[in-house]
Amino acid sequence: MAPSLEEPTQIDFNAPLKAAPKLVAPEPEHCPGPESQQAGTADNCAGCPNQAICASAPKGPDPDIPLITARLSSVKHKILVLSGKGGVGKSTFSTMLSHGFSANPDSTVGLMDTDICGPSIPKMMGVEEETIHTTADGWEPVWVSENLGVMSVQFMLPNRDDAVIWRGPKKNGLIKKFLMDVKWGELDFLIVDTPPGTSDEHLSVNSFLKASGVDGAVLVTTPQEVALLDVRKEIDFCRKASIPILGIVENMSGFVCPGCKHESQIFRASTGGARKLAKEENIPFLGAVPLDPRIGMACDYGESFLTAYPDSPACAAIRDVVRRVGVEMGLEADEVLPEE
């Protein structure tokens, strides 16, 4: 029987989570976190209106972390895909990264959609109408192909256009379910697509995966300074959360005419783009993916852009990025994706 969001008695998303203390004021900038071991006792807590509340709240490690670690013990590499701003093509890039890794028949790939309130991965992967099946051992991912599986809240909606209007604890509970109860099996790569910004979903994924280890994050941006501004915040978040940064990708970097293959600069980099930012921040620049209208078409139809349009310069750029991500994780480029 497929799990449903309308069956809270069967799937209690909040049950595994410890109750967060009810604060009387917003958390200050350097707050250690109301559920941390230092809550209410750290130097930064002095003078905070929440100090007594946090100090008396129950503390301790999450008892489900060992279960998550055991479930993911057969996953070799875990990659987070992040973006500071929405609309830069992060989820689109996540699908192409997944298709790129799975183009190697010797690799098995999982794609987890943690954008709980805006799940678009199933549509892009062509499995929007599928549902999750449960077994005695957990939830089965929806398999796009023999070596590419997907998990998303979209599969659990009674109607595909239903809005998911959840606060943080319930979203965190579902993300924990995705990591603890999904039968990912033996994966070479688990790609985690996240919502824009640095919100509850990012904090939850990082805390749940810290024990099992994350290889790193791939940051996606466009050339404009308004996008780079938020990517700088994402870089700061990764460093504060001790998430390794595999590199940055500049998406929509130029426009490729599907007819003549000529590339034009539509979104010009006003301040040097992602390449300059990567140099300033001393992080790897993974590559620039040009804007090809057929990428959007492939996502609308749930097709692999890499398979449908192998002659596109964007396809070559994506394949190169896939190899570079593998190299940043210590793999050989040809081992990740052999040259055609």
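Cβ atoms here come from the backbone N, Cα and C positions, even for glycine.
In this structure, Cys48 ([4Fe-4S] cluster 1 binding site) belongs to neither helix nor strand by DSSP; it is coil. As annotated by Swiss-Prot, [4Fe-4S] cluster 1 binding site applies to Cys31, Cys45, Cys48, Cys54.
Annotation source Swiss-Prot lists ATP binding site at Gly84, Lys85, Gly86, Gly87, Val88, Gly89, Lys90, Ser91. Other Cβ atoms within 10 Å of the Cβ of Ser91 (ATP binding site), summed over all protein chains shown, number 26.
According to Swiss-Prot, the [4Fe-4S] cluster 2 binding site annotation covers Cys257, Cys260, on the basis of sequence analysis. A C-beta separation below 8 Å, combined with a sequence spacing of at least six in one chain, links Cys260 ([4Fe-4S] cluster 2 binding site) to none of the other residues.
According to its DSSP assignment, Gly87 (ATP binding site) is coil. The shortest Cα-Cα distance from Gly87 (ATP binding site) to any of the binding-site residues (Cys31, Cys45, Cys54) is found for Cys31.
Ranking the binding-site residues Cys48, Val88 by the number of CB atoms within 10 A of their own CB puts Val88 at the top. Ranking the binding-site residues Cys31, Cys45, Cys48, Cys54, Cys257 by Cα distance from Gly84 (ATP binding site) puts Cys31 first. Annotation for Lys90 (ATP binding site): spatial neighbours Val81, Leu82, Ser83, Asp193, Thr194, Pro196, Val220, Asn251, criterion Cβ-Cβ under 8 Å with sequence separation of six or more. The ATP site is set by Gly84, Lys85, Gly86, Gly87, Val88, Gly89, Lys90, Ser91; from the centre of their CB atoms, other residues of the chain with a CB within 8 Å are Ser83, Pro196, Val220, Thr221, Thr222, Ala227.
Summarising the environment of Cys257 ([4Fe-4S] cluster 2 binding site), the number of other Cβ atoms within 10 Å of its Cβ, over all protein chains shown, is 12.
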